[in-house]
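Enquirer: Pulled these from TrEMBL:
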- 1-21: signal peptide (SIGNAL)
- 189-209: transmembrane segment (TRANSMEM)
- 215-235: transmembrane segment (TRANSMEM)
- 247-267: transmembrane segment (TRANSMEM)
- 287-306: transmembrane segment (TRANSMEM)
- 318-341: transmembrane segment (TRANSMEM)
Amino acid sequence: CNMNNMIIFFVKIFYINSYIARPVSSWVDDYFDWASDSRCCKYFPKNESFCPHTHSKCSICNIELDNHTHRPLPLQFEKYVPFFLQDNPDESCAKAGHAAYGQGVRYLVDQQGLAHVGASYFMAYHTILKTSADYYESLRSARKIAANITHTINSNLKEMGYDKTVEVFPYSIFYVFYEQYLTTWPDTLFSIGVSLAAIFVVTFLLMGLDVFSSIVVVITITMIVVNIGGLMYWWHITLNAVSLVNLVMAVGIAVEFCSHLVHSFAVSVKETRVQRAEDALTHMGSSIFSGITLTKFGGILVLGFAKSQIFKVFYFRMYLGIVLFGAAHGLIFLPVLLSYIGSPMNKAKVANHERQVQRLQIQDNAACGETSLNRHSYFDMTSFGREVNIMKLVAMKPAFVTCDNIRRKIITFISKSLKKVMGISEFNDSALSKRNIDVCHFGNTASLNCENYPKSCFKPLINVRNVLIVSQQRRASSPVQESQHYEAQHEL
């Protein structure tokens, strides 16, 4: 040790805002005072072992002190440390160290009877601590003081030529409970960040390397966690180890409210993002509401009747917020977000879907012996006495197939064909009746005039079949047949 003893060092600390009530008790300083008092150290003359200072038949120790520092010499220091730690204090020798430091100093005695001190502690007292902030700030201050002491001692050892180092650390019974508050915010941000990164990677891989879906999922989960943080502030839920675990769990639970809807949006074959968001919400909204929200909500309500405050505050309140905010974001916020920045339409997926629909429709038509508008069809007009390619029926997507639209296109094609074949310049019921031509189309609709078109037909038509043009004179003998050689592939 240098000339500045431990008491002087802690006296300097005492005047700083360190939550230390008074200077610490150092066994080293008390040992120096005990060694300088001739009434305290005694030994048995027969074997030179320790003798209590109250024993009258024991001899007084002859401890040699340094003339400059008034401290025991190194050999004397190591020899009489065990005596100091075994001696009980009283009014005649108040500095005896058994009561205060008997369990605070660990040492080993070698064959020459010299004690080598290992670990030891210094005892101090905190000021009155009332709030949680006082407790963890006192811990922070104690650690800072211990770090300064460690640096000071190691610097002195290095100057004196020793290659050993020591470490000083604080301990109190309440430190274990308030240590979590020193790193709560860094641990929370790190844990949530790692969880979001893992969700992004897994979503990116499972969604077929779809970066848009991964970003949407991460944004939605982040919004849910942020709203839960606001709920914690509003409902007086402190951030500690329990709430930290709940927040990390909230990240995982929030995936259930997002992943199903995002996947349904990604596989939808609708044209625009808004239509795909509507389609995804139509197919998965009920599952999210009934299968995820209501089932969790029912289990969480039971926690509201618990008598323990930890169940009410950290479980009922937080889990209720997780379910409510998760359902709100999954059913309201997420569809709107997908309509703006959702994954773009996959053209290859749409083409495969349309080919599959056409394949199924062709199989259905083959079984029914009917003609479908979902593919190219060329008709032979044998009713006119010769083979003529009369019209080309254009398939339209189901979202745009209405009675009016499909009728207008068919009328246009029929008009052009009849004008070319039979020289009809105008296309109406009177012109057709002069040529004895009847038009059978659209199921039960018998007129081509828009005015007579029934309002009930203005609804989406998925399959419009049996659009046949025949001659009234030869209807029984010459039905219109589908020409197989003129069948062509058409890309919408």
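Backbone N, Cα and C define each Cβ position, glycine as well.
It should be emphasised that the depicted structure is a prediction, and the values quoted were computed from it without experimental measurement.
I would like each feature placed in context: is it buried or exposed, what are its neighbours, and how far apart are things?
Expert: Here the transmembrane segment (215-235) has long-range neighbours at 192, 196, 199-200, 203, 243, 247, 250-251, 254-255, 257-259, 262, 317-318, 321-322, 325-326, 329-330, 333-334, 337-338, 341-343, meaning same-chain residues at least 6 beyond its ends whose C-beta is under 8 angstroms from one of its own.
For the transmembrane segment (287-306), the residues of the chain that approach it from at least six positions outside its boundaries are 253, 256-257, 260-261, 312, 315-316, 319-320, 323, 326-327, 330-331, judged by C-beta separation under 8 angstroms.
Long-range contacts of the transmembrane segment (318-341) within its own chain (CB-CB distance under 8 A, at least 6 residues past either end) are made by residues 212, 215-216, 219-220, 223-224, 227-228, 231-232, 235, 237, 243, 246, 249-250, 253-254, 256-258, 261-262, 265, 273-274, 276-278, 280-281, 285, 288-289, 292-293, 296-297, 300, 303-304.
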Enquirer: So if I exclude everything within five residues of the ends of the transmembrane segment (189-209), which remaining residues of that chain have a CB under 8 angstroms from its CBs? That is, six or more out.
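Expert: Contacts of the transmembrane segment (189-209) (Cβ under 8 Å, skipping residues fewer than 6 from its ends): 215, 217-218, 221-222, 225, 244, 247-248, 251-252, 255, 259, 262-263, 266.
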